[in-house]
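For reference, the structure is listed below as structure tokens.
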Amino acid sequence: MKHFLTLNDFNRDEILAMVDVALELKYESLHIGNKPYLKGKVLAMIFEKSSTRTRVSFESGIFQLGGQGIFLSHKDIQLGRGEPIKDTARVISSMVDMIMMRTSEHSRLEEFASYSSVPVINGLSDDFHPVQLIADYLTMIECGIYLTHHNPLYPTKGKGGRNPIVAYIGDGNNMAHSWINLAGILGFELRIASPIGYAPKADIITKAQDMCIQSGGKIKILNDAKEAVSNANVVVTDTWASMGQEEQKEQRKCAFANFCVDEAMMSYAQKDAIFLHCLPAYRGQEVSEGVLEGAQSKVFQEAQNRLHAQKGIMLYLARINKIPLVSVE
């Protein structure tokens, strides 16, 4: 059973194939109409952590693919009342075709997947946010910033690629970890700038750097945001205090004071660089109002691409796991 728990579950060709499915589904949705590839299929959506974008994009996505989504908060299932993960996983997976889980500890997700009889998708865990990275890479492709990519929907692009430089500014959290994964797999240059004490996990960095030997990528961990942004094609940030870190909010504001992506910082990047943020954004903290609402910002295109990226992930998983699908003309 092939799950989608981290990007490292897939190789370069598989990631690009998944992105291609997402691109094709987006094209169909905008120009032809949605096709019911997953007609009659049921997606269980388990939210131990609440979300706006994750719920709306997955629920809309499975509907557009012809299936049905079932929303389950921690109040709706016995996991919130002490039932073992393995019991919940075996029961739910016996009644649905696919499961998306948004949780805290990544180990909970891994245990759930190990007992599930259907594919499990990581909607977010404390360590990784892989669905967001598929949406981010999809956005990069649409903006012409990516490695060699020969999708027929973009025939004038991908002729050798741009060998992009991505600068991630801020907390070494699940978003940083997933960017590290993607750089190791696809082979681009990633620079992460975080305050001392807030860098990404060392084991995740080491594994990705080992992968870069084959992929040709570069991963640099820095403490200077301007150095990271210098000549970058993509500038990314995230909230300084993630869900569950509210008590650290004031402490983190002080630590990250020099890591706000504002107009001055963006001036160090390429003139045609784009700005990405997975949202929600806190204006005046990790990003200025001017950057978030400016011409370089692709944040709302990126957010909308969550829908198409996750449709691509679901359909790709259904195909490789040989889930019986309805023939669509």
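From the backbone N, Cα and C atoms, a Cβ is placed for every residue, glycine too.
Record check, Swiss-Prot: carbamoyl phosphate site residues include SER51, THR52, ARG53, THR54, GLN78, ARG102, HIS129, PRO130, VAL131, GLN132, CYS278, LEU279, and the candidate from ARG90, ARG108, ARG252, ARG306 also listed there is ARG306. Put simply, SER242 (L-ornithine binding site) is 15 Å from ARG53 (carbamoyl phosphate binding site) when counted between their Cα atoms. When the CA atoms are compared, the binding-site residues lying within 10 A of ASP238 (L-ornithine binding site) are CYS278, out of the candidates SER51, HIS129, CYS278, ARG306. Secondary structure at ASP238 (L-ornithine binding site), taken from DSSP and collapsed to helix, strand or coil, is coil. Within the set SER51, THR52, ARG53, THR54, GLN78, ARG102, HIS129, PRO130, VAL131, GLN132, CYS278, LEU279, ARG306 that the record links to carbamoyl phosphate, no two Cα atoms are more than 30 Å apart, and one pair reaches that distance.
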